[in-house]
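What follows is a single structure, written as structure tokens, with notes after it.
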Amino acid sequence: MAAAEMERTTSFDAAEKLKAADAGGGEVDDELEEGEIVEESNDTASYLGKEITVKHPLEHSWTFWFDSPIAKSRQTAWGSSLRNVYTFSTVEDFWGAYNNIHHPSKLVMGADFHCFKHKIEPKWEDPVCANGGTWKMSFLKGKSDTSWLYTLLAMIGHQFDHGDEICGAVVSVRSKGEKIALWTKNAANETAQVSIGKQWKQFLDHSDSVGFIFHDDAKRLDRSAKNRYTV
């Protein structure tokens, strides 16, 4: 299924018409850093003044996390710079958050922006993530915005056949470009991981090969870790 078609056939059809409806339903960190949240647009502000009488619940609640390069430089332990930004559980609250958060092309260099199932932290040490791994895609600088959005829509819209295997996703902004990683919880389940990788490529109309690395390999071998699965 092409990415555009996938977007039309998910529950986000109606939601896109409501784009920034009611951002008040989630949990927000009130001390945000530069490069993390954008100011409300006039269109968004007009929606926030209206009461949304019907909201469309998602299969799971999700949390946005932000990791800035400034915070990373000050952290005393790996992962301590991660900030819980916003938790949402409905289509409308997702769009309310998404429209007030910098997209990858506007994030500061060295930043990481995560979207994970609520109560799962984007760390190897999290019990749910510990035995998992990641699929990764690379993009030229400033070219990952649409793919990041489609990844979020497919993930929170429960479009993957093995959606229960998915922990979350992260977009990372670096000097050479941007990367999107899809985190899963059971790396040894080859059938599930390969299915997720294939569907992810399909949703994004991504033609290049993508690889899957076990967290255990990444922890032991760092950048020398090899792909266990490729699609």
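Just so you know, glycine gets a Cβ as well, placed from its N, Cα and C.
Lifted from Swiss-Prot, the feature list:
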- 1-36: region 'Disordered' (REGION)
- 1-20: compositional bias 'Basic and acidic residues' (COMPBIAS)
- 27-36: compositional bias 'Acidic residues' (COMPBIAS)
- 56-59: region 'EIF4G-binding' (REGION)
- 66-102: region 'EIF4G-binding' (REGION)
- 74-79, Lys106, 124-125, 174-179, 219-223: mRNA binding site (BINDING)
- Cys129-Cys167: disulfide bond (DISULFID)
- 150-159: region 'EIF4G-binding' (REGION)
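DSSP classifies Asp222 (mRNA binding site) as helix under the three-state reduction. Here the candidates are the binding-site residues Lys106, Arg174, Lys219, and by Cα distance the one nearest Cys167 (disulfide bond) turns out to be Lys219.
This prediction places the mean pLDDT of the region 'EIF4G-binding' (56-59) at 96. Shown in sequence order, Trp124 are the residues of the chain, 6+ apart in sequence, with a C-beta less than 8 angstroms from the C-beta of Lys219 (mRNA binding site). Packing around Lys106 (mRNA binding site) is summarised by its Cβ count: 13 other Cβ atoms lie within 10 angstroms of its Cβ, all protein chains included. According to DSSP, the secondary structure content of the region 'EIF4G-binding' (56-59) in residues is 0 helix, 3 strand, 1 coil. Same-chain residues at least 6 positions away in sequence with a Cβ under 8 Å from that of Arg174 (mRNA binding site) are, in sequence order, Met109, Gly110. Note: the Cα of Cys129 (disulfide bond) and the Cα of Gly177 (mRNA binding site) are spaced 26 Å from each other. For Gly177 (mRNA binding site), the same-chain residues that are 6 or more apart in sequence and have a Cβ closer than 8 Å to its Cβ are Ser138, Phe139, Leu140, Lys141, Lys143. Just so you know, the Cβ of Cys167 (disulfide bond) picks up 21 other Cβ atoms within 10 Å once every protein chain is counted.
Helix, strand and coil counts from DSSP across the region 'EIF4G-binding' (150-159) read 7 helix, 0 strand, 3 coil.
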